[in-house]
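Structure first, then comments.
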């Protein structure tokens, strides 16, 4: 039976993976309230289509940070893709390159940045970085990303400590130990004779540290994890180039706002001065359309990419991207939007249910 929607890929992926691997991918923090709300919140939004327009040509292309992508559907940073498929991030990168969309590669990828870039040398990529206490480490990672042609840095800000992920605890999966081991291996590759202290993301990283980061790179800096107007305003004050509205897929602090709900607050705060993106809960083309109508420049996919990877490797990731893009194209056509630029808040209303 063909897999025709993202829900099909989810169901099939679960059958392909061990319970521990599946729980790591799907795991949520605490009671999973935010995890569920990310999806449910989209369903409280209704569409207001316009008809009797010439819809013979519909274009899903847009730009992020000045670079064109085929659709406003990109790939979020998620760790350890080899859990889902042996080639891991290399397969993901090849699929993203073929689709002509942005792939944000995680600090905790299964393969080195060099190996991933070699697998898809023409791909459009950003690098996600967890800031560490060791600034030599931070600078080294930034320099590697610059040398490899990454176009932006994505700084995840919502992880001063890991969320309480009960599934991983029940499975006795020590994620923090795995992350520390990954750091140590990466540093030993660069400095094999030097003993380097390794730490989990720096809990004390704060707004004032952004200036130090900006002093060591010319790449645009995108902050991932903002959920409030106050932090959005501070982000602009500190001259970042973009924001990803995100609650880490409901894996960090439970009972925070769904990403699509927080998006409205953040977009209103930035007033179009910097680009705003979002991730969390996107499962259909209508979800993408709603996020764009509320002001997102593009959406990023996390778990669905891993579902595709678990099902069919590179081909599965490409199918997930193709399905969502086709759904968006159809939804735009049925809503009267010839281009992404025509998608506006007038397209939506909020259900009273």
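Note that Cβ sites are derived from N, Cα and C of the backbone, with glycine treated the same way.
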Site-mate of 77, 78, 79, 128, 156, 224, 279, 280, 281, 282, 283, 302, 303 for FMN in Swiss-Prot, selected among 56, 106, 257, 335: 106
Site from 36, 70, 112, 133 that Swiss-Prot describes as phosphoserine, others unannotated there: 133
Residue 248 (active site, proton acceptor) and residue 128 (FMN binding site), Cα-Cα, nearest whole angstrom: 13
Packing count at residue 248 (active site, proton acceptor) (other Cβ atoms within 10 Å of its Cβ): 23
FMN binding residues 77, 78, 79, 106, 128, 156, 224, 279, 280, 281, 282, 283, 302, 303: largest Cα-Cα distance, in Å and rounded to whole number: 23
Least buried by Cβ count (within 10 Å) of the binding-site residues 165, 224, 251: 165
